[in-house]
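A.B. asks: Dumping the structure here so I can ask a few things about it.
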Amino acid sequence: MVFYKYSGSGNDFLIVQSFKKKDFSNLAKQVCHRHEGFGADGLVVVLPSKDYDYEWDFYNSDGSKAGMCGNASRCVGLFAYQHAIASKNHVFLAGKREISICIEEPNIIESNLGNYKILDVIPALRCEKFFSSGSVLEHIPTFYLIDTGVPHLVGFVENKEGLNSLNTLELRALRHEFNANINIAFIENKETIFLQTYERGVEDFTLACGTGMAAVFIAARIFYNTPKKAALIPKSNESLELSLKNDGIFYKGAVRYIGMSVLGMRVFENGCF
């Protein structure tokens with residue numbers, strides 16, 4: 001079985017094609033493992049679709065399924081075009097969400113992540129029990145729970161240096177309390193936002209998270225009156241352009257093809273596929 005590795009703003013993914021829906025959880029855990037596998041943030045299984053150019057099943061590196069992943073959507077869009085599965089402008093199904101892809105340059109991909117939902121506005125009092133004394137999170141007055149395909153908790157710090165002082169244990173506690181990815185951001189100016197994401201399924205900081213950037217972008221737009229277009233800069237320091245239009249959140253940036261490989265017999269013998 002051939003798989004292809006792509007990277008989008010620091011997130012890397014293994015992409016494979018399958019003509020039948022199966023449970024790929026064990027396969028995802030093995031091939032995504034950084035030391036015992038090939039290493040990736042997630043596995044994308046591209047499947048045929050009657051109503052769309054294709055559909056996907058997305059697996060986090062721990063084998064759990066997710067309905068949506070922003071960076072993976074851009075990576076799979078380029079993969080589908082390069083492998084003649086779809087044209088430059090196409091639509092695929094991610095869980096129950098339609099994702100439109102536009103390839104503007106050889107490696108600049110824009111995806112429409114669709115609409116969002118504000119799930120909750122959470123005062124700091126509901127979160128402070130998770131914070132240690134002197135934590136940078138103590139100074140965040142309000143957190144926002146936003147669904148951009150998957151749920152994200154968003155909070156804004158007062159200065160950029162605060163992003164370098166985040167406590168993994170505190171973010172992990174918030175992740176389990178709200179069953180959401182955790183995003184801490186700093187608005188440098190109205191059009192530039194820095195952020196760090198603690199991602200569930202990865203259970204650590206990731207270099208970037210597309211749906212997380214979308215959630216931060218929306219929270220900044222609604223609650224801090226930032227414009228409808230902004231540059232978001234995640235841990236990878238790669239700038240991504242996000243914009244809000246009538247039909248959804250648009251997310252644009254570079255995608256890199258890294259290489260391809262073949263799954264060896266050991267994977268099949270262990271019953272992963």
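Placed from the backbone N, Cα and C atoms, the Cβ positions cover glycine too.
Features from Swiss-Prot:
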type: ACT_SITE; residues: Cys69; note: active site, proton donor
type: ACT_SITE; residues: Cys209; note: active site, proton acceptor
type: BINDING; residues: Asn11, Asn60, Gly70, Asn71, Asn181, Glu199, Arg200, Gly210, Thr211; note: substrate binding site
A.B. asks: What's the number of neighbouring CB atoms sitting within 10 A of the CB on Asn181 (substrate binding site)?
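C.D. replies: I get 26 for this one.
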A.B. asks: Compute the centroid of the Cβ atoms of Asn11, Asn60, Gly70, Asn71, Asn181, Glu199, Arg200, Gly210, Thr211, then list the same-chain residues not in that set whose Cβ lies within 8 Å of it, in sequence order, for the substrate site.
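C.D. replies: Leaving out the recorded residues gives Asp41, Gly42, Ala66, Cys69, Ala72, Val150, Thr197, Gly201, Val202, Thr206, Ala208, Cys209, Gly212.
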A.B. asks: According to DSSP, which kind of secondary structure is Arg200 (substrate binding site) found in, if we only use helix, strand and coil?
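C.D. replies: The residue in question, Arg200 (substrate binding site), is coil (DSSP, three-state).
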A.B. asks: Since the record lists Asn11, Thr211 as binding-site residues, which of them has the fewest other Cβ atoms within 10 Å of its Cβ?
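C.D. replies: Relative to the other binding-site residues in Asn11, Thr211, Asn11 has the fewest Cβ atoms within 10 Å.
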A.B. asks: Could you round the CA separation between Cys69 (active site, proton donor) and Arg200 (substrate binding site) to a whole angstrom and send it over?
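C.D. replies: Pair distance, Cα basis, whole Å: 12 Å.
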A.B. asks: For the residue listed as 'active site, proton acceptor', write down the residues of its own chain that are at least 6 apart in sequence and whose Cβ falls under 8 Å from its Cβ; none is a fine answer.
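C.D. replies: In sequence order, Asn11, Cys69, Gly70, Asn71, Asn181, Asn183, Thr197, Glu199, Pro234 meet the Cβ cut-off.
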A.B. asks: Of all the binding-site residues given, Gly70, Arg200, which residue's CB has the most CB neighbours within 10 A?
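C.D. replies: Counting every other Cβ within 10 Å of each candidate, the maximum falls on Gly70.
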